[in-house]
Every structure is written in structure tokens, then in C-alpha cells.
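One structure is given below, encoded as C-alpha cells.
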Ligand SMILES: C[S@@+](CC[C@H](N)C(=O)[O-])C[C@H]1O[C@@H](n2cnc3c(N)ncnc32)[C@H](O)[C@@H]1O
């Protein structure tokens with residue numbers, strides 16, 4: 001988030017067609033819940049376009065990149081690397097250390113989530129292998145819970161820049177306005 005050390009998300013692996021929605025949702029979740037950037041594999045161009053489109057309409061800042069060099073991104077990351085995996089240490093046991101590195105020592109954080117099988121090298125390279133429960137579920141759910149724990153809920157209050165629309169929370173119905181106006185009811 002702005003004013004804080006970078007949080008980037010690396011989505012490892014993408015099977016075109018089959019993983020399209022999941023990869024897109026990793027990007028949308030990273031954006032909505034406070035990360036600064038997502039790095040997709042270089043065959044995930046369609047997901048990149050969708051996340052960029054949402055950012056241009058609903059605001060940023062948020063960056064989306066494609067990379068054919070994700071292993072070196074992880075290996076050479078100048079900061080701390082968290083790999084989300086059901087086999088890892090319990091998030092509630094390590095979130096304090098991770099926050100300390102990120103917020104007190106101001107180290108950029110790379111959060112790695114998998115798709116298909118994650119190479120063992122990633123488990124070895126990560127500073128923390130972190131489980132959001134030790135039950136199998138999804139990269140989107142794991143990422144959402146992890147980011148909310150990392151930011152302790154601050155991401156829910158963030159402001160968005162450069163949006164051409166803003167959702168006004170309502171008890172029922174939908175209200176979308178131009179930023180700085182209270183115009184259109186739906
Ligand atoms: C559907 S899982 C497949 C995992 C794959 N079988 C493997 O060996 O890594 C896809 C991704 O979801 C995330 N994930 C699934 N369950 C998780 C959990 N309990 N805690 C954290 N992340 C989880 C991990 O990032 C994982 O790589």
C-alpha cells in the first residue's frame with residue numbers, strides 16, 4: 001500500500017483456458033486487498049488484460065506484469081519471500097515476524113502462490129512457507145486471508161486513485177457514481 005514497503009504477488013504457473021479465472025482472481029484479490037503489484041507467468045496475458053481493465057475503471061495504483069523468469073524473481077528478490085502452501089507454518093504463528101520484517105525493517109515482501117504443483121526449490125528459497133490452515137483450498141482464499149492478516153485490516157480503508165467510477169455502499173441495491181459526485185442510482 002502507498003507509503004509502505006512494496007508487497008508484490010507472484011502467481012506461479014498458469015494453464016491457459018483452465019486457469020484463466022483463477023489467475024485473474026489472484027490478480028484482482030491482490031489489488032483489492034492491498035498488494036502493489038502482481039506478476040503472472042508470461043502465458044497469462046488474458047488475465048493481465050482483465051486486471052488492467054479493472055484497475056483503469058476502479059482505480060489504483062496497481063501494477064500487473066508478465067514474466068518468463070519467475071524462478072529468478074523469487075531467487076533474486078531483495079526482501080522477504082512468503083510462499084503460501086497448505087504444508088507451511090501456521091499463519092497465526094508467523095504473521096508477527098513477517099509484519100516485523102515488512103513494516104518495522106521496511107523490507108519488500110514477495111508473496112508466492114501456486115497453481116499446479118509448486119517446485120520444491122520454491123519451498124527452499126522462501127523465507128517462510130505459510131499455511132492458512134493446513135487444509136487444501138485455493139490460492140485466492142489463501143492470499144486474501146494472508147494479506148488481511150499482514151495489513152491487520154488497514155487495506156479495507158484504502159483510497160483509490162484514477163478511478164472513473166466509485167461504488168457507494170448501500171444496504172440494498174447498487175449505487176455507482178463518478179468519483180467526487182453522488183450522481184447515478186441503479
Ligand atoms: C490448489 S493448490 C495446489 C497445490 C499443489 N498441489 C502443490 O503441491 O503445491 C494451489 C495453491 O493454493 C494455495 N493454497 C492451497 N491451500 C492453501 C493453504 N491451506 N494455505 C495457504 N495456501 C494454500 C497454494 O499457494 C497452492 O500452491
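Even glycines carry a Cβ here, placed using N, Cα and C.
In TrEMBL, annotation is done automatically, which means it is predicted and not curated.
What TrEMBL records for this protein:
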type	residues	note
BINDING	84, 114, 115, 116, 117, 118	S-adenosyl-L-methionine binding site
COMPBIAS	162-178	compositional bias 'Basic and acidic residues'
REGION	162-186	region 'Disordered'
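Residue counts of the region 'Disordered' (162-186) by helix, strand and coil are 0 helix, 6 strand, 19 coil (DSSP-based). Each residue in 12, 13, 85, 113, 139 lies on the same chain as 84, 114, 115, 116, 117, 118 and has a C-beta within 8 Å of the C-beta centroid of that S-adenosyl-L-methionine site, without being one of the site residues. Around the Cβ of residue 118 (S-adenosyl-L-methionine binding site), a 10 Å sphere holds 19 further Cβ atoms from the protein chains shown. Largest Cα to Cα distance within the recorded S-adenosyl-L-methionine binders 84, 114, 115, 116, 117, 118: about 13 Å as a whole number. Under a cutoff of 8 A between CB atoms, and with a sequence separation of 6+ in the same chain, the neighbours of residue 115 (S-adenosyl-L-methionine binding site) are 11, 12, 13, 14, 15, 19, 22, 23, 139. Over all protein chains present, the Cβ of residue 84 (S-adenosyl-L-methionine binding site) has 24 other Cβ atoms lying within 10 Å.
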